[in-house]
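Annotation comment: TrEMBL describes B:6-32, B:53-75, B:81-99, B:120-140, B:160-182, B:202-218, B:230-251, B:263-285, B:305-328 as transmembrane segment.
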Amino acid sequence: MDDFLAARSQMALSLGFHIIYSCIGMVMPVFMAIAHYKYIKTGNIVYKNITQAWSKGVAIFFATGAVSGTMLSFELGLLWPKFMLHAGPIFGMPFSLEGVAFFIEAIALGFFLYGWNKFNKWFHWLTGVLVGVSGILSGILVVSANAWMNSPSGFDYINGKYTNIDPIKAMFNGAWFSESLHMTIAAFAATGFAVAGIHALMIFRKQNISFHTRAFKIAIVFGAIAALLQPISGDISAKHAAKRQPAKLAAMEAYFHTQEYAPLVIGGIPDTVAKKVNYGIEIPGLLSFLVHDDFKTPVKGLDQIPANEQPPVAITHYAFQIMVGLGMIMLAIGVLYLICIWKKHNWLFKPWFLKLFIFATPLGFIALEAGWTVTEVGRQPWIIQDVMRTADAVTPMPGIQYSFYLFTFIYFTLSVAVIVLLQRQIKMVPVVYDVKE
Amino acid sequence: MLTIVILFLCLAILLYFLLGGADFGAGIIELFTSEANRQRTRSTSYQAIGPVWEANHMWLIIAVVILFVGFPQIYSVMCTYLHIPILAMLMGIIARGTAFTFRHYDAVKGYRTQTLYNRIFVYSSFLTPLFLGIIAGSALSRKIDTGAAGFADAYVFNWLNWFSVAVGLFTVALCGFLAAIYLIGEAEDEFDVKRFVKKAKVLNIVAFFCGGLVFLAAETNNIRMAKWIFGNPVSLTAVVLASISLVMLWVGINRKKKHIIRVYAAFQVSMILLSVGYTHYPYFITVKNGDHLSLLTDHASANTINTLGGALLVGSLFILPALGYLFYSFRGHTDHD
Ligand code: HDD
Ligand code: HEM
Ligand code: HEM
């Protein structure tokens, strides 16, 4: 494995790992705060149990998210020193604010986890809310930094020099809003469905029904609403991408030839040599409509992009199809749930209904990883779109593949450990929180 | 604004050393505690650091962010040439952070898994500050060779040398010492107090010994350590103050002043850092061919420094009071479930 490939794989691995923990770290505190609120308001002990059971999960995820994030803040330099040399001062603003947000999050978490029966109950509740708020803020900030790589702004690039740096403008770059919005919704959708799925499984197995149905409801309401909003925000993202990164959009759609009434291709296997998509379903005019709001205007295809500036088409296309496909499935399940709370209350205990949610447990996270693959692979060969190539940013140190193997081993072990720990926590629910129906 | 940013950088490094260091030290002490007493040490240190430990490690993040936003050259040179020790330190951080949390939150307290977490925790508590010290030692002692041709010269021997390793060991000893002093104030009963006092004594001697080792290694490596410390009035004063506070510390321990001794210990370590830091200031990295990377000249553009400083100032308005309140609320013992 050459060093460049190893560095890219290590970065992708680390971020792919971190994102799972950070999304849970952003969203779970919100769920917790709601359960906690219900406990304070109703005095129902089940809600207290839910809050405490969840808070243990959050502690596990937070620790893993925090260490993997610490790794990342060094990895940016360990793997891409030349990128950081120039980019650091430009896109650093969101990172410095993020540092502040993390700090507040870590402090609030200390109060929350260790503060039961110690503080005024509303103060204690508020610290939990703060964990969530600062987590979401961190997420938005770091995604703005990533958005800057897609839509660089806030500096002038003249003769290889980066001048007139304006960190604020760089933070509010052209992509920050669409990316952060989409990301935040994705975090809620993915975590909501995952948590709901686990509790659905427990209801299915008829364990601690009153505990698990209440937990399920809190999670799925967020998951379902997020799943409804996701396609709308995805459409905004796609429109933005089409404007600033036509190559990415063309790769997402495996759209080789510029044409009027540009078709939307669903599925299919892109053939980059023959420049066509086999076995895909084409809907004429739809791509033009999605990008330009009318069916006729041509969309820029890969034929108008120099070969050495094209991203890998197949990966980008597949990843995009996976994300959108899963998004649609989640949307459908979300709608079903809304029907259930509106009209069909008894569905909630029907095996087919529960099975649906059990099946949906991992979907959001798969879509999330797929979405990032679209953004990152779709940006290639650029690390900073149209400014710096990824290959020019990589560290001069040889032997990165060993570091990649090491990271792979560590993340693999950690993932296994976290899964085992969660399983054990869930298994202990009947023992620790033995609430009679 | 540059001054403010530099001050925050120094503050972050200092606080990471003190708070994160005490927290590494808790693991180091556990490593050198007899099997019979380990569980006691473990529960005392969990009570002491549980609520604050995530926050303690944030100082490292703050320092790194300040470096890569404000001083990108320093950050990228360190990350390039000290890649391997940084990687080793990160491994320590990840192993330690997760083992610490997992051993507490594993719902099934099985003997074998707990033993595994404990092992990982104590060894990584030792390795992480060792490599932190190695990184600091290498950055300051002209070991980084930006012109080196071979892999070993460019990426290995710049940190794998007697001097850097001695600094690493010294750092480990200081962390252990800080933790022992901190734990004296958290101990549940007389028996534990005695144990931690004894640990503090041993670690104090070990730290002296490692300090000597640093001097020795410096001699053989042609590093004029004596000049670093005795060569200017500020460093000299700092060293003298450090020695005085050490004496006061031991008087305080004998008089059973459990909390004030923390101040002396923190002060002592801060003075040691100040004395070394001042000699080098404003240079953050000194390179083999005599080049320096300086905080005063190798920084990002004024615009970046200004916004960074602004963010730090505003942020600290929120962080410092909240952090103070956190430490205040959980002083002494913690009840948790
Ligand atoms: C639960 C996860 C999830 C789901 C269901 C969807 N997405 Fe997504 N998508 C993401 C999670 C995600 C993401 C991982 O969060 C990304 C990566 C970067 C970003 O901002 O969001 C992303 C990126 C991303 C991009 C690239 C943006 C860019 O590079 O700037 C586009 C065009 C879309 N999405 C479009 C969609 C559409 C049309 C969906 C229709 C259902 C959709 N996404 C569902
Ligand atoms: C958290 C979700 C993220 C995931 C899953 C992710 C995924 C990836 C992937 C798959 C690659 C490899 C692309 C390729 O080489 O073909 C990559 C590269 C990279 N990503 Fe991301 N990314 C994420 C977020 C971010 C963020 C927030 C940043 C920075 C602020 C970032 C910075 C980078 C950098 C510097 C590279 C290496 C250069 C490159 O290949 O473009 N990523 N990431
Ligand atoms: C899309 C990508 C990312 C998202 C959404 C994200 C979000 C988050 C969130 C919400 C946390 C809080 C931890 C938790 O609650 O579990 C976190 C932790 C952290 N992240 Fe990320 N992050 C991303 C990428 C990055 C990148 C690229 C870096 C580094 C350059 C980074 C650095 C950190 C650090 C240092 C922490 C630890 C902070 C702590 O101790 O609380 N993150 N991240």
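Every residue, even glycine, has its Cβ placed from backbone N, Cα and C.
Between the transmembrane segment (B:263-285) and the transmembrane segment (B:160-182) there are at least 3 Cβ pairs closer than 8 Å, counting only pairs 6 or more residues apart in sequence, which means the two stretches are in contact. With a threshold of 8 Å between CB atoms, the same-chain residues lying at least 6 positions outside the transmembrane segment (B:202-218) that come near it are 29, 32, 137, 141, 161-163, 165-167, 169-170, 172-174, 176-177, 180, 224-226, 246. Sequence-remote contacts of a segment are chain residues at least 6 beyond its ends whose Cβ falls under 8 Å from one of its Cβ atoms, and for the transmembrane segment (B:160-182) they are 18, 21-26, 28-29, 32, 45, 48, 126, 129-134, 136-138, 141, 143, 196-197, 199-200, 203-204, 206-207, 209-211, 213-214, 216-218, 220-221, 223, 249, 261-262, 265-266, 269, 272. Outside the transmembrane segment (B:305-328), and at least 6 residues removed from its termini, the chain residues within Cβ reach (under 8 Å) are 1-2, 4-5, 8, 51-52, 55, 66, 69-70, 299. Same-chain neighbours of the transmembrane segment (B:81-99): 24, 27, 57, 60, 117-118, 120-121, 123-125, 127-128, 131-132, 134-135, 138-139, 144-146, 154-156, 158-159, counting only residues six or more beyond its ends whose CB sits under 8 Å from a CB of the stretch.
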